[in-house]
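J.: Take this structure first; my questions come after.
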4 protein chains.
Amino acid sequence: MRILLSNDDGVMAPGIECLYEHLSEHYEVTVIAPDRNCSGMSNALSLHHPLRISKTEKGFYAVNGTPSDCVQLGVNSGFFEEPDIVVSGINDGPNLGDDTIYSGTVAAALEGRHLGLPALAVSLCGKQDLHFETAALLTVDILKSLENHPLDTKQILNINVPNLPIEEIKGIIATRCGKRHRAETMVEDTDPFGNQIFWYGKLGDGFDAGEGTDFHAVASGYCSVSPLSTDMTVHQQISSMNEWLSK
Amino acid sequence: MRILLSNDDGVMAPGIECLYEHLSEHYEVTVIAPDRNCSGMSNALSLHHPLRISKTEKGFYAVNGTPSDCVQLGVNSGFFEEPDIVVSGINDGPNLGDDTIYSGTVAAALEGRHLGLPALAVSLCGKQDLHFETAALLTVDILKSLENHPLDTKQILNINVPNLPIEEIKGIIATRCGKRHRAETMVEDTDPFGNQIFWYGKLGDGFDAGEGTDFHAVASGYCSVSPLSTDMTVHQQISSMNEWLSK
Amino acid sequence: MRILLSNDDGVMAPGIECLYEHLSEHYEVTVIAPDRNCSGMSNALSLHHPLRISKTEKGFYAVNGTPSDCVQLGVNSGFFEEPDIVVSGINDGPNLGDDTIYSGTVAAALEGRHLGLPALAVSLCGKQDLHFETAALLTVDILKSLENHPLDTKQILNINVPNLPIEEIKGIIATRCGKRHRAETMVEDTDPFGNQIFWYGKLGDGFDAGEGTDFHAVASGYCSVSPLSTDMTVHQQISSMNEWLSK
Amino acid sequence: MRILLSNDDGVMAPGIECLYEHLSEHYEVTVIAPDRNCSGMSNALSLHHPLRISKTEKGFYAVNGTPSDCVQLGVNSGFFEEPDIVVSGINDGPNLGDDTIYSGTVAAALEGRHLGLPALAVSLCGKQDLHFETAALLTVDILKSLENHPLDTKQILNINVPNLPIEEIKGIIATRCGKRHRAETMVEDTDPFGNQIFWYGKLGDGFDAGEGTDFHAVASGYCSVSPLSTDMTVHQQISSMNEWLSK
């Protein structure tokens, strides 16, 4: 099985190196990742400038673009052999609840799915003393399971791993995305030249974070696996909408 | 009612001007939009550099960031009075099917919804001789209807308008997102210095574009309105996944 | 006479508008300027991505690039009629002493000279209540004088104007570039996510700012005109260097 | 002696690695270089966004900015011990004649000089089968010579090395900057979406490339060393200009 491995922290990030080492024991792995940190890049595509590929000392491919660009190049450029599956990560930090919509890690997986391939996004929910190996081992486990339980063609898996040694992980459970409180108010400041600037504030804590959510699973020591859809339509809403729209 | 109006084509685009003119006849409207074309930017957030706001001759606010950044500034910075609703558009071109995931127009609406506000994204499905006025008039109509049919707190409306004079529009219908064929293979080229580069190819045509889809509605002369969810979880999948994950 | 007018503050800056209005009373003027503020951009060229030209409501051309890119497009792309002279400005702030090396305003003029055209850079030395009209009127005067005193083919003029009403300007004098004290130590800070960042500090004051310098002229109420060379070689140094290098 | 080593090809470029290896045999060397290729960046400063420093596996410092930013951080931020000299390179390609004005390699050296330090820029004049070692060995030689012939406080040395094995280098000579023919007309093209774009064309060949120039030295197998001034004023022009300006 041929894996396209990408991420959003950039081709030099420790998370992608650790995952590469574990995956390449079992599979043929090509790493194609952004040349810079692309956290928060979501599904952005570089439509306005051309993409360039360079090769690092480790044989990884670095791209002057976004996670989605990397997957497009890996699958749809003819430059690489087409992979069987896309894996994205290991992200340095969580992608829980509404983080998913901004995450470049999740976006790389979604891009794979849009191009017809099964896809996983893997994130490690810690800030320091990161147990990337735990996330790598669990990813290999889940890839093995997927051999018998193929992913639906409109879904990806969003995996969030507690920052613990592997022996302290309590299990793997399927979850729904929770929801965060609104992020803190943006931070107003002035630059050293006296101009007004704004920074994003800290993320909100979990708001909808009860049992069944990804927040709850990770907080309880479980590896959380959320099935995400590539189709955002709220199908059950359509008929009632048609009643009032047609008036 | 106070409207925050944004887009992804940039603060100087004709689509946002036309929509501003129509909306401001009925509502209090603040325009906050990117200073450059941000098509394809999706929900990207500028986490790595600070944002700056400047004011154009027309009194619009230009931001050195993405559509999502503009909505965050409009709602969550304390710099502007908090709006009641977010409107994004009129996009110069369609946002049909899986376009929605890459669209900065749709992203601005999603950002509004994540911040607790109802939100609409409006796109005009044409390439030239653009009837922005048609899209503006339909947006005003739909805003009026929403007064009696408030949006669910986890949904936005994605509106796509055929490029026709208003009198040729056959009606407004609720649709689900269709799906495009995979985009054409990326275009390989060399820059004038002999280096290999890659460009995105043309979008695929509609693949799942039958009755009920946004593609079909627009092609048939209807204004398409798709309810999109801010929660990507495939809820009905969770229990069956838990069976095989726990093994 | 056909003038190519550019700047580094961007196509929407008030300084370029004011200069356009005055120059176009006497000459044929084409405005080609960056679509964003490019202060501090020096002679940077966009070698890694292609350039795009769009037209503003006023008929100015906006480019997704640097001041030097704008002049290259204006002179060397075949898209515009070739100009007779390049004028850059009016910069919002001084370009005195070693500022010249970082200035996008000066760079646009240097680019014109490298492409074979006489060129001027014009800056207004104020921070608020800016008298752009003074700088525009003096630029017209100097252009008239140049008709009888053509610029050397390896030189440009760097013009700095005191921020005063035209009737308070004491005259126009030729100066040499002074030198600033080293800029303040860079400002260390943390972004809201706890990461270490550095900003440039404030510019140093004049260090070599005595009589004969551009600093002194402006501080004394004179319009300063410094002849700058496109050739940085220290010719008088070459023979002594050859003695010790050859050992 | 403590050396600050930077470049414009980026922290991962082979030229800076080779120079690091040779310099660190003799001196204490800190590498601070851009995280991306910054060719053509000239003296650009990142005034509009803050700088971030990260450390690579080799212990080099990567900066999200320009060559000039790297030198400012190395000398004027308090984050590093202040160096005694700035060395920039080895550039992958020549910096001859008017290239110097656009070169990020030369800019890093100029920035060092502006901050009060002696500074060298080193470039290798080849396209393939690059003899970086030749340039590294010559740089060490020149650094040794400088111990007895300190650089003037307003000058840097711009060194261009022929792409030959060290034993084929005929010597080291001091030169003046030559001049290139105007670059080829910009290349007009359309992107895959049908939009007009422009690329820079190929560099012009040497135009003023006769004996005494850097072009001529390199073409003849000599290492070229040009003394460049940080002061662009044409001093001998000032008095004649004052005659006609004052009228």
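The backbone N, Cα and C atoms fix where each Cβ goes, glycine too.
Where the annotation comes from TrEMBL, it is an automatic prediction and has not been curated.
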J.: Starting from the divalent metal cation binding annotation in TrEMBL that includes B:D8, B:D9, B:N91, which of B:S39, B:S42, B:S46 is the extra site residue?
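T.: The candidate from B:S39, B:S42, B:S46 that TrEMBL ties to divalent metal cation along with B:D8, B:D9, B:N91 is B:S39.
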J.: Identify all same-chain residues not among B:D8, B:D9, B:S39, B:N91 whose C-beta atom falls within 8 angstroms of the centroid of the divalent metal cation site's C-beta atoms; report them in sequence order.
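T.: Going along the sequence, the neighbours come out as B:N7, B:G10, B:A13, B:G15, B:N37, B:C38, B:P67, B:D92, B:G93, B:S103, B:G104, B:T105.
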J.: Cβ within less than 8 Å of a chain A Cβ is the test here; which of the binding-site residues B:D8, B:D9, B:S39, B:N91 meet it?
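T.: Near chain A, the qualifying binding-site residues are B:S39.
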J.: Between the binding-site residues B:D8, B:D9, whose Cβ has more other Cβ atoms within 10 Å than any of the rest?
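T.: Top count of Cβ atoms within 10 Å goes to B:D8.
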J.: In the structure shown, which of the binding-site residues B:S39, B:N91 has the fewest Cβ neighbours within 10 Å?
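T.: Selected from the binding-site residues B:S39, B:N91 on minimum Cβ neighbours within 10 Å: B:S39.
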